[in-house]
Amino acid sequence: MKNRNRMIVNGIVTSLICCSSLSALAASPPTEVKIVRDEYGMPHIYADDTYRLFYGYGYVVAQDRLFQMEMARRSTQGTVSEVLGKAFVSFDKDIRQNYWPDSIRAQIASLSAEDKSILQGYADGMNAWIDKVNASPDKLLPQQFSTFGFKPKHWEPFDVAMIFVGTMANRFSDSTSEIDNLALLTAVKDKYGNDEGMAVFNQLKWLVNPSAPTTIAARESSYPLKFDLQNTQTAALLVPRYDQPAPMLDRPAKGTDGALLAVTAIKNRETIAAQFANGANGLAGYPTTSNMWVIGKNKAQDAKAIMVNGPQFGWYAPAYTYGIGLHGAGYDVTGNTPFAYPGLVFGHNGTISWGSTAGFGDDVDIFAEKLSAEKPGYYQHNGEWVKMLSRKETIAVKDGQPETFTVWRTLDGNVIKTDTRTQTAYAKARAWAGKEVASLLAWTHQMKAKNWPEWTQQAAKQALTINWYYADVNGNIGYVHTGAYPDRQPGHDPRLPVPDGKWDWKGLLSFDLNPKVYNPQSGYIANWNNSPQKDYPASDLFAFLWGGADRVTEIDTILDKQPRFTADQAWDVIRQTSLRDLLRLFLPALKDATANLAENDPRRQLVDKLASWDGENLVNDDGKTYQQPGSAILNAWLTSMLKRTVVAAVPAPFGKWYSASGYETTQDGPTGSLNISVGAKILYEALQGDKSPIPQAVDLFGGKPEQEVILAALDDAWQTLSKRYGNDVTGWKTPAMALTFRANNFFGVPQAAAKEARHQAEYQNRGTENDMIVFSPTSGNRPVLAWDVVAPGQSGFIAPDGKADKHYDDQLKMYESFGRKSLWLTPQDVDEHKESQEVLQVQR
């Protein structure tokens, strides 16, 4: 039975009973767009030309996710206030200040006719359904529009592109904390002096750590460009000190439900600071993380290659990704993709498969531009005063007066911060600027690739810092750390802002330097947003460190344990890693510190309890508590340990950046991976002593023996936990971490009504979606088998009467139990599993 939002418009209704086989598609009229949905509501689009293929794509997206996409459009362009009111004015200003619309429009205008038809077809398809919705709102208007009091508007190619720019480029390739780092360095130098202060800064924010596990093994290759911290700080010494509140404190604060709080600037800073101290979501609130393992022909069993992807975007209702099959005009693909991009980020075409994780390469720099005191809007560049580019922006406000402001831009990029005390404007330079649309289309065009050379041609065009992964029907596997990266001047410390002029980039580094590997000796590729290659420099984010403590080791350890893996075993790695505590990192030090204590000493009891635990967090039958209190013990100990070490060494207020244990969250469930916190990584290096390659400029243990500090923190943990759970450690039942699929998108903007949030009792540290592609399986006669799980479900449609589409959350239980559903590719398979069918006649 068809859902009401899937009624046929502009075309022919073809019932399941009388429809013809999809194998007859070749004989269909050239104007025809055929839409077939499988048993989970996932659509497959069939058309003979690119425009109509993507017309069908946009059409089904509007059917399934119209309100989610509308709010994504407004979130990425800064027009939320127009429909939700003055609480979002500050948010809209921040968004508009961070992009340049004319650049995106110029990129679209320069596209070939074929590429333009991708974006135009998609927009026209959405508009076709929107017209029907507006004509019959009593039947087709998603209830969320009525709840929030506005109607959907037409889309254009710019809107389609901006969804990608705002949710991929600006979310995963635009993170920088160079100004925050400068604020930290200023405070550290004030406490320790210039030379020692810089050494302490290097201890807190190293650039390269030789002990960091890498996706490309050291025996395969290492990064050829070397960084010597002693010779890369010339420019940093020329930048004025920074005494204002760190910019990260001005990021919009969110409540427990992930919604923007819209509070005063002072209250916002207080809230953000408290959230950092208590466990900000992700790496200090930055998006994190994603994992991947690809098993090649020398390690796969009963198959030639196995790819398992787990991108961790956060958990949302409707789902963050959208499942789609595209067939025709040179495309024959199936998979899913964030925000229904017109290019699948996760999928396969029967011959190759692909997937992604965030790369966290450093593709953004901040330039400290000296402002003119006499000529407003002018800045100094190469000794001359240059007028900034500017544009006036007016924000329409529901039930309020419009607000107008100016966005400024230098030769380096948009001005994101101004320090009036030092007459300095901080401009953001992006290596991918001007390449946003080309990057989107690289994902689209890779869907046609049939081998490694063709696929890497598209990887070279993808300018964002994203890890790309490859497998093919012959069992070959590969990896590329894609992105465009600056060729910086000698003396440029990429962690800190640099002055203008002579510190301008020399250009972009050659793609030949991007880390990549094809058929590695290990037989597999694994990544959890760790370093791609030995000696590769990390992001400038103060909260992002590649070091000896890394979660990717959990994947590597499992894959190294046995010579070969079946598809089911590869899938089970999701379960094993998602429930695993990082006990292994600190247990040796804890055991050493308590070895000579009496067995009845509470501190010894805590460590003995940890030592008897395998590190896997399993939930009791009550669905609310863990079978073992291990994570609670480590959380309490690490929280105290960090306060006694890293936090104590860092001047206020910056100590709060390092106080979170990594176990807690400030929202009703995590927004990404509960990873090793930045403070824990710094502490881990200190506990390694001489084995750590990171110089310890300041003794984090304050001159005391480290075991004494460990025992004191254990005593704190005992005092905290025994008051809460009693004196019998064996009887402790600690609360399990829950998981929420939020009704607010990652910006904190509603993408659904609050009642649409879904909940899962047990948090699993795994992908927002998980997919697996298996090439040349020995069972059956198919050259490829594929599965995914996209929770809560394919649809986001809530009917005007409040009834949710049956595919809104029909993958929720599947996700919770580590299940998966098949992804169909061939016409025969799609035909056998179809639930509904539509045929449109599309004139152009």
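The backbone N, Cα and C atoms fix where each Cβ goes, glycine too.
Annotated active site, nucleophile per Swiss-Prot: SER290, in sequence order, evidence recorded as a curator's inference. Following the DSSP three-state reduction, the secondary structure of SER290 (active site, nucleophile) is coil. Listed in sequence order, ASN309, GLY310, PRO311, GLN312, PHE313, SER356, THR357, ALA358, ASN527, TRP528, ASN529, GLY767 are the same-chain residues at least 6 apart in sequence whose CB falls under 8 Å from the CB of SER290 (active site, nucleophile).
In the three-state DSSP assignment, the secondary structure recorded for GLU178 (Ca(2+) binding site) is helix. Annotated Ca(2+) binding site per Swiss-Prot: GLU178, ASP362, VAL364, ASP365, PRO494, ASP540, in sequence order, evidence recorded as similarity to another entry.
Positions annotated as signal peptide by Swiss-Prot: 1-26.
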Compute the mean position of the Cβ atoms of GLU178, ASP362, VAL364, ASP365, PRO494, ASP540, which form the recorded Ca(2+) site, and then list in sequence order the other residues of that chain whose Cβ is within 8 Å of it.
THR176, ASP363, ILE366, ARG495, SER539
According to DSSP, collapsed to three classes, what secondary structure does PRO494 (Ca(2+) binding site) have?
coil
If you count the C-beta atoms lying within 10 Å of each candidate's C-beta, which of the binding-site residues GLU178, ASP362 ends up with the smallest number?
ASP362
Name the secondary structure element type, per DSSP in three states, that contains VAL364 (Ca(2+) binding site).
strand
